[in-house]
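> My structure is below; once you've seen it, I'll send some questions.
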Amino acid sequence: MDDNKKRALAAALGQIERQFGKGAVMRMGDHERQGIPAISTGSLGLDIALGIGGLPKGRIVEIYGPESSGKTTLTLSVIAEAQKNGATCAFVDAEHALDPEYAGKLGVNVDDLLVSQPDTGEQALEITDMLVRSNAVDVIIVDSVAALVPKAEIEGEMGDMHVGLQARLMSQALRKITGNIKNANCLVIFINQIRMKIGVMFGSPETTTGGNALKFYASVRLDIRRTGAVKEGDEVVGSETRVKIVKNKVSPPFRQAEFQILYGKGIYRNGEIIDLGVSQGLVEKSGAWYAYQGNKIGQGKANAAKYLAENPAIGAEIEKQIREKLLKAGAAAEAGKAAAAEADADDMADADAGY
């Protein structure tokens, strides 16, 4: 950059700082890069697939899927994990369907959980915004976007047409709260439902409610599906679940994770630790027997998982090794890609300059 441009830029930056305060504009290289803080989802496989060890703080996340696919269970699991680290959590229950007993079984400290059951969509989003601006809440769940009914629709008659009201409400609210969420370093999760588009001949007819604004403002979008049943004999005790990361602004998207949700217990975390431990060579498997560091921990996956439940220190040790191995490998791969892209850009710049 020539001297005239440098002086002009310095003058502009000085004027911006005087008018808007120090730090309104900054050079990226002047500040050390910091990793994005994350909150665990309660599923080890999903944390690893997300690339940063969980859902990013200071961002909006959307979780959507069919009925009974595990959306609320996954969000309650996020709350339970956040509370273990002393976080303050809130649940905006627009569906008026939160079961405190079930939440307690998943590990949620119900006594410390802030709960709101708003009457209208405007009230729900205003409460969410006020909680965010308090800078005192770490995780907010909104369940669900489909239940955020505009006041005009509630006060109107059955059968009245209210075209686009909910979409406009969501668009306005997200414009307002996105900046506050970043400043408060708060994770806001919107649960959403699926609807079918009529007359779609090609591509998926599925869409989510509430317009397109949430799709743009969300840093992470998770598509959760029930893929099968978990059985003990003839009794169904849980569901096989697959989560696909449809959008991810903090790591590569389109990864997926599979895990089991056990009814009344939540995500089968010890089962994931066994499976990932075997795949990473941390847990030895010989026939039906599982062993860790030469010591047998159980015959069959269920018994091995039961052993980890009875010995949480060993389970935590294996999980820590899995996280370090897979998350560091992912970070190293991303750094390598970034360095390669930078080198390619330098080569192109040199070629353009005639070197």
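Quick reminder: no glycine exception, Cβ is built from N, Cα and C everywhere.
For Gly65, Pro66, Glu67, Ser68, Ser69, Gly70, Lys71, Thr72, the entry in Swiss-Prot reads ATP binding site, with the evidence type sequence analysis.
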> Would you mind checking how many other C-beta atoms are within 10 angstroms of the C-beta on Glu67 (ATP binding site)?
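Around the Cβ of Glu67 (ATP binding site), 8 other Cβ atoms lie within 10 Å.
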> Please compare the binding-site residues Ser68, Ser69, Thr72 by how many other CB atoms fall within 10 Å of each one's CB, and tell me which has the fewest.
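Lowest Cβ count within 10 Å among the binding-site residues (Ser68, Ser69, Thr72) is Ser68.
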> Quiz question: given the binding-site residues Gly65, Pro66, which has the greatest number of C-beta atoms lying within 10 angstroms of its own C-beta?
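Per the Cβ count within 10 Å, the most buried is Gly65.
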> In which DSSP state, out of helix, strand and coil, do we find Thr72 (ATP binding site)?
helix
> Hey, what's the Cβ neighbour count for Lys71 (ATP binding site) at 10 Å?
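Result for Lys71 (ATP binding site): 21 neighbouring Cβ atoms inside 10 Å.
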> For the recorded ATP site formed by Gly65, Pro66, Glu67, Ser68, Ser69, Gly70, Lys71, Thr72, name the remaining residues of the chain with Cβ within 8 Å of the site's Cβ center, in chain order.
Ile224, Arg226
> Report, as a single number, how many Cβ atoms besides its own are within 10 Å of the Cβ of Gly70 (ATP binding site).
23
